[in-house]
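Colleague: The structure is given below, and queries will be raised subsequently.
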């Protein structure tokens with residue numbers, strides 16, 4: 001049986017190398033479930049936005065951009081993982097360099113644009129809530145929005161040739177280029193995560209501060225009215241619910257991205273992580289492609 005090093009070096013799958021076929025079948029079924037659910041949810045969001053003019057907003061344009069990128073992972077890459085996981089470990093399909101490059105390109109393109117879309121949505125909401133309307137309108141004109149979406153795809157095409165090297169993150173036989181590729185990936189995701197958290201936490205602070213000022217103003221006005229007024233709405237509960245929604249979105253995003261970041265940093269500075277930990281961190285990151293439509297629509301009445 002191959003050791004952990006040969007597992008990482010020879011297999012492009014994000015599946016564990018096991019003697020029994022039970023684990024491989026389970027992981028293949030997991031990929032199949034993620035592929036079906038992710039494809040349906042992403043297609044549904046895209047269909048609804050294009051079908052109803054009310055939904056065709058700037059923020060939803062970035063969400064649709066992320067859904068299109070997630071389809072590259074859910075509809076094109078995950079089904080191949082599900083099928084290849086059922087093949088024998090010595091299958092020629094697993095060792096084809098061209099096929100590995102194609103699948104690595106699909107995965108890299110989808111994940112890069114998806115993560116960029118997360119940041120574009122967060123920044124759009126941050127500007128909308130914390131800045132003046134004139135600033136938002138000047139920044140998010142139709143032409144500027146299209147340029148932002150196009151730039152996310154253009155930047156995603158640059159690191160695609162580096163993706164096959166990421167399959168050898170845990171290999172003792174891998175060269176230094178794959179280690180530096182892993183470090184670049186980790187730093188990029190860390191930077192994107194810091195910007196995203198800054199945007200959402202800034203939104204929470206602004207909303208909570210604005211609601212508090214409105215509550216104080218209403219309190220003084222109610223005492224000056226000559227007639228009894230209706231009780232004010234439960235603003236504290238609304239603020240708490242909004243904060244919980246943002247916190248949940250951030251927690252799910254961190255759960256999906258940070259394990260791979262720290263596994264990559266561990267492999268660069270100390271020692272390669274066990275293959276099982278590598279596979280789990282990749283699987284968490286890829287599962288975001290199926291969860292993103294739910295994260296951005298579950299609190300939307302539209």
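Each position is counted from 1, following the chain as shown.
Each residue, glycine too, has its Cβ placed from N, Cα and C.
So TrEMBL says this about it:
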- 41-296: domain 'G-protein coupled receptors family 1 profile' (DOMAIN)
- 25-50: transmembrane segment (TRANSMEM)
- 62-80: transmembrane segment (TRANSMEM)
- 100-123: transmembrane segment (TRANSMEM)
- 144-162: transmembrane segment (TRANSMEM)
- 182-203: transmembrane segment (TRANSMEM)
- 244-270: transmembrane segment (TRANSMEM)
- 276-298: transmembrane segment (TRANSMEM)
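Looking at the shown structure, what environment does each listed feature sit in?
Modeller: Sequence-remote contacts of a segment are chain residues at least 6 beyond its ends whose Cβ falls under 8 Å from one of its Cβ atoms, and for the transmembrane segment (25-50) they are 15-16, 56, 60-61, 63-64, 67-68, 70-71, 73-75, 78-79, 81-83, 85-86, 283, 286-287, 289-294, 296-297.
Within the chain carrying the transmembrane segment (62-80), a Cβ under 8 angstroms from the stretch's Cβ atoms is held by residues 31-32, 34-35, 38-39, 42-43, 45-46, 49-50, 103, 106-107, 109-114, 117-118, 120-121, 124, 145, 148-149, 152, 156, 286, 288-290, 292-293, 296, all 6 or more beyond its ends.
Counting residues 6+ beyond its ends, the transmembrane segment (244-270) has Cβ neighbours under 8 Å at 115, 118, 169-170, 179-180, 182-183, 185-186, 189-190, 193, 196-197, 200-201, 203-204, 277-278, 280-282, 284-285, 287-288, 291, 295, 299 in the same chain.
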Colleague: State the non-local partners of the transmembrane segment (276-298) in its own chain: residues 6+ outside its ends, Cβ under 8 Å from one of its Cβ atoms.
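Modeller: Same-chain contacts beyond the ends: 8, 14-16, 27, 30, 34-35, 37-38, 41-42, 44-45, 63, 66-67, 69-70, 73-74, 77-78, 107, 110-111, 114, 118, 121, 169-170, 249, 252-253, 255-257, 259-260, 263.
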Colleague: Any idea what the model's mean pLDDT is for the domain 'G-protein coupled receptors family 1 profile' (41-296)?
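Modeller: For the domain 'G-protein coupled receptors family 1 profile' (41-296), the model's average pLDDT rounds to 77.
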